[in-house]
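Listed in Swiss-Prot for this protein:
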type: MOD_RES; residues: A2; note: N-acetylalanine
type: DOMAIN; residues: 27-148; note: domain 'Calponin-homology (CH)'
type: DOMAIN; residues: 203-275; note: domain 'GAR'
type: MOD_RES; residues: S306; note: phosphoserine
type: MOD_RES; residues: S316; note: phosphoserine
type: COMPBIAS; residues: 327-340; note: compositional bias 'Basic and acidic residues'
type: MOD_RES; residues: S352; note: phosphoserine
type: COMPBIAS; residues: 354-365; note: compositional bias 'Low complexity'
type: MOD_RES; residues: S355; note: phosphoserine
type: COMPBIAS; residues: 370-381; note: compositional bias 'Basic and acidic residues'
type: COMPBIAS; residues: 392-403; note: compositional bias 'Low complexity'
type: MOD_RES; residues: S394; note: phosphoserine
type: COMPBIAS; residues: 404-413; note: compositional bias 'Basic and acidic residues'
type: MOD_RES; residues: S436; note: phosphoserine
type: COMPBIAS; residues: 437-454; note: compositional bias 'Basic and acidic residues'
type: MOD_RES; residues: S438; note: phosphoserine
type: COMPBIAS; residues: 461-471; note: compositional bias 'Gly residues'
type: MOD_RES; residues: S482; note: phosphoserine
type: COMPBIAS; residues: 485-495; note: compositional bias 'Pro residues'
type: MOD_RES; residues: S489; note: phosphoserine
type: MOD_RES; residues: R490; note: omega-N-methylarginine
type: MOD_RES; residues: S493; note: phosphoserine
type: MOD_RES; residues: R507; note: omega-N-methylarginine
type: COMPBIAS; residues: 509-519; note: compositional bias 'Low complexity'
type: COMPBIAS; residues: 554-568; note: compositional bias 'Low complexity'
type: MOD_RES; residues: R630; note: omega-N-methylarginine
type: COMPBIAS; residues: 631-641; note: compositional bias 'Basic and acidic residues'
type: MOD_RES; residues: S654; note: phosphoserine
Amino acid sequence: MANPVAGIAGSAAKSVRPFRSSEAYVEAMKEDLADWLNALYSLGLPGSGDGFLTGLATGTTLCQHANAVTEAARALAAARPTRGVAFQAHSVAPGSFMARDNVASFIGWCRAELGVPEVLMFETEDLVLRKNEKSVVLCLLEVARRGARLGLLAPRLVQFEQEIERELRATPQVSSVPAAEEDVTEIATVPGVPTRTPRMTPNDLRNLDELVREILGRCTCPDQFPMIKVSEGKYRVGDSSLLIFVRVLRSHVMVRVGGGWDTLEHYLDKHDPCRCSSSTHRLPQQRTGTFSPQRGSPTPSPRPGSPVPGSERRSSRPEVTPISLRGTKEGPETPLRPRDQLPPLPRSRRYSGDSDSSASSAQSGPMGARSDDSATGSRRERPSHRPTSCLPASPRRPTAPRSQSRDRLDRGRPRVAPGGRGAQLSTSSPARRTRSQSREEQAVLMVRRDRDGQHSWVARGRGGGGSGGSGRSTPQTPRALSPAAPRPSRGPSPGPELAATPASIFRTPLQLDPQQEQQLFRRLEEEFLANARALEAAASHTPMGSAPDPPAPDSAYCSSSSSSSSLSVLGGKCGQPGESGRTANGLPGPRSQALSSSSDEGSPYLAVGGALDATRSSLAGPEPSLTWARGRMDTQPDRKPSRIPTPRGPRRPSGPIELGAWHAQHSVTPRTEPDSSM
């Protein structure tokens, strides 16, 4: 198993040094300086690795060479240097205080006597602790150049510089050489000093051209970086007229760059656009022969401005994945169904007697189903890479705003609910698959209201006691049923039985002619005005006295579920205990008819005891004038009431009272009592 720490260290080294060839020229310079010092002082310094800096860490060799340069300057009567270096030569350990003192003395001599530029200087720690070997190498090369002017033996790189200088002086067209290179090549030499420039053999030049072609051949691009040979060791690179001088130093191909040297590999890595953009050239590569796409050679990377042949054809043609491959990658695709074919979701409708909690639960069902459908719709629309042969989804139709009057008219209509959730979404089992295929078959529920204000439902086509249950809840649908509750069987809808069902169960609005409807509205207005006048007349004869405060209702009576029951008590139900009215003087009086605010808005029918009250009031005589009447707010007779009003005898009316428009309406459309079986 690979060491993770080593992997991290390797990646860090790659991030710090993006080019492996950037350190090659430092190694080449170290080898050249080691040969130079070994030839001068017979030291035996290794040229590779850390052995070169380790041999110079005591500072003894550096101070010895400084004194040699000073003696050569004195012999030639040169102006500089004038003073040597005093140092400790015996029993000096690397890294000790004396070693640091020797290195510091050499650095001071370079600054003061030779005038080495500060950019080429190094610090004591750079040599003793081997922190910055590049600065040490560059400083030693500059010291070697200054010593070569005084007649001392120079390293091979300095000899190459002197040779290039003579070649440039012999060339008549000096303008072709860059100005920066001219400044570097102009090296002042002391007159009378013999030059020790080694001669390059023809074998070296022949090997140089072969090595250059080999390095250029490592790039596998069709259009390689141009490097044209002008003369022996002189090349023109790129599209410009820039000339570079190339020399061979041991196993390295060196290029004269500005005032220093660089390897040809590193130079091409920085100037060749193909090598700069490709990461494959940043690692050491083996030499490859003829280019063959079948061999395991590095992948050719196209240069900017020179596209690979055939790339136009590949780029102009869009990449299209075959449908068969997509099916294998993405799995089997299920045919999508347009959203218009999905059955509409049922709207939640609040009936009279329903509490707020039941209404919210009724809304949570369809809303949850709608969110599921929207989620599935978004999943259907998410993959944009579907084949065009699939059935496109039709655009969504905007939902029209629904007003309150429309909702009130829809309250009296029979509620239609689609199939259950399992029939809409799941198609795993055969029963659910059959149910989803018959999605258009819709169940009709018949909802009725009992005398105590409770609702019960039965499925259409069921006889007898088919009520699914009663309670203060919303009319149950197959979606709202719990798993434990039995589902009503979806049988064939019998036509005669549906026709024989009383209209009060469906609570459909009465179909009247426009003339009868206007006449009914006119009677209602007249009755309303008459009642208002009677209330004003009764209020004028009210004795001076404050009416007793009503008792504080219990929290169980504050919910909207008891509002309809309270209205039904005020509307007049027979046989219920504690339903006697209360007047200002404590006498019980007949109950006034109350209009239902929720359940009877869309239906012209009255409560169950409406017709009986009309008959009783006509037999008993005219109604007494009511000053202040308030019904008992108690819908639970089994519990002990908090306050029971004192019953008193009714007053005898002074004159007969005529029937109102509501009684006339019952004469037009008599109410049909629901079946006892329901």
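Residue numbers in this text run from 1 along the chain shown.
Backbone N, Cα and C atoms are what each Cβ position is placed from, and that goes for glycine too.
Across the domain 'Calponin-homology (CH)' (27-148), the model assigns an average pLDDT of 93. For the compositional bias 'Low complexity' (509-519), the DSSP-based tally of helix, strand and coil residues reads 6 helix, 0 strand, 5 coil. Look at the domain 'GAR' (203-275): DSSP puts its residues at 25 helix, 26 strand, 22 coil.
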